[in-house]
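Student: Okay, handing you the structure first.
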Amino acid sequence: MAKLIGLTLVGLLLAFYKNHQSSYQTRLAAVREVTPVELPNCDLIKGIGMYMDEEVKYELRQRFTFKREEMNERIASVLQDSETVSPPAFLPAETGAEDLEILPNGLAFFSTGLEYPGIKSFDPNTPGKILLMNLNEKNPAVLELEITGNNFDKSSFNPHGVSTFTDEDNAVYLLVVNHPDFKSTVEVFKFQEEERSLLHLRTITHELLPSINDIAAVGPESFYATNDHYFADPYLKSWEMYLGLSWSNVVYYSPDKVQVLAEGFDFANGIGISPNGKHVYIAELLAHKIHVYEKHANWTLTPLKTLNFDTLVDNISVDPVTGDLWVGCHPNGMRIFFYDAENPPGSEVLRIQNILSEEPKVTVVYAENGTVLQGSTVASVYKGKLLIGTVYHRALYCDL
């Protein structure tokens, strides 16, 4: 009898494990292959995700000993005819651009150098940076924004999602999700356009913000934020994700009020707001969904509809002119979380038009198997140009 009970328990455990593994692979779209979709004219953005081997690094250190303040002028000439070399002491190598934000005047901010538990990092010992690119230039190049302020530790800067807010005096505030020592904070900067620098104003932490992924700013110190996990501890996060607990949420933060507005997500990820400010869009990465919420005057949210996809939806950018959603996606999540250089993760960009209508139009604008671009996380448009960023690889600049 004891053997029969033991055998039954083993059978039940094996059945549970098999069903769970099947569910886990479905959530990660583990068997999906991307169908390539090309754009007519794309260039890698020099200064983001340029790989170097150790011999090249050593040679460049011997040849170039200029000071850091000379970097932005000299780096352009060094990289002018190269897609594979960048001096390691001045710009990160293979650090990607996990998120980006474009101002109405064409200045684009890039969040680079993210280190995230369970995700590959090609350059783990280099602090993250915020880069700037002027899309109005004929051949735009990125430059690193100097961070000023006495209370900010640049050595532990680990930037993730970014969002901007412009006040009535046209002052621009850049809010950045930061993971110093794998904690979660929001750093508030004021953009100094003439100096091409960021003045650090304050660091925001809160118990309801344990694992921030992305933010949508609604004031200099107010925002909606997605927590991609319920737990803050990396070990507990891994089990939360593996078991599919769907405990992540969306929080509204202001100096006066902090509250959870929506919950029950399987890895809440990107978040965006419609141009008229009436709707909030939330990407649920491992459920392959984008949720549409109505935003009220008291900042609360009411669910309106949900769109389903066959890809893992990451960051959401909203075109301020058309209201279209541009979404960086992972066609196969297994390859993101379990990196194999011989079988790298691909990239995919979706455009969603008329999302509030009964039949939104969803178009795959760009898709690639990882040969050019690995692990796309964000896509955003400006005057017929498309920028695509990745979690740890490169960034692309394309004509539409």
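Glycine too: its Cβ is placed from the backbone N, Cα and C atoms.
Heads up, TrEMBL stuff is auto-annotated, nobody curated it.
The model shown is predicted, which means the values in this text are computed figures rather than measured ones.
TrEMBL lists these features:
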ACT_SITE  His160  active site, proton acceptor
BINDING   Glu98, Asp99, Asn213, Asp214, Asn269, Asp314, Asn315  Ca(2+) binding site
DISULFID  Cys42-Cys398  disulfide bond
CARBOHYD  Asn298  N-linked glycosylation site
CARBOHYD  Asn315  N-linked glycosylation site
CARBOHYD  Asn369  N-linked glycosylation site
SIGNAL    1-15  signal peptide
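Could you tell me the structural context for the features on the list?
Tutor: Same-chain residues at least 6 positions away in sequence with a Cβ under 8 Å from that of Asp99 (Ca(2+) binding site) are, in sequence order, Phe110, Ser111, Pro159, His160, Gly161, Val162, Asp214, Asn315, Thr377, Val378, Gly389.
Cβ environment of Cys42 (disulfide bond): Val372, Leu396, Tyr397, Cys398, Asp399 lie under 8 Å away, each six or more residues apart in the same chain.
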Student: Any idea what the Cα distance is from Glu98 (Ca(2+) binding site) over to Asn369 (N-linked glycosylation site), rounded to a whole Å?
Tutor: 18
Student: Fewest other Cβ atoms within 10 Å: which of the recorded positions Asn269, Asn298, Asn369 wins that one? Let me know.
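Tutor: Selected from the recorded positions Asn269, Asn298, Asn369 on minimum Cβ neighbours within 10 Å: Asn298.
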Student: Suppose we draw a 10 Å sphere around the Cβ of Asp314 (Ca(2+) binding site). How many other Cβ atoms does it contain, all chains included?
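Tutor: Total other Cβ atoms inside 10 Å, all chains included: 29.
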Student: Taking the Cβ of Asn213 (Ca(2+) binding site) as the reference point, list residues of the same chain whose Cβ is under 8 angstroms away and which are at least six residues distant in sequence.
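Tutor: Counting only residues 6 or more apart in sequence, the Cβ neighbours of Asn213 (Ca(2+) binding site) under 8 Å are His160, Gly161, Val177, Ala225, Thr226, Asn227, Asp228, Ala268, Asn269, Gly270.
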Student: Can you name every residue in this chain, apart from Glu98, Asp99, Asn213, Asp214, Asn269, Asp314, Asn315, with its Cβ inside 8 Å of the center of the Cβ atoms of the recorded Ca(2+) site?
Tutor: His160, Gly161, Thr226, Gly270, Ala283, Gly328, Thr377, Val378
Student: Could you measure between Asn298 (N-linked glycosylation site) and Asn369 (N-linked glycosylation site) for me? Cα positions, answer in whole angstrom.
Tutor: 44
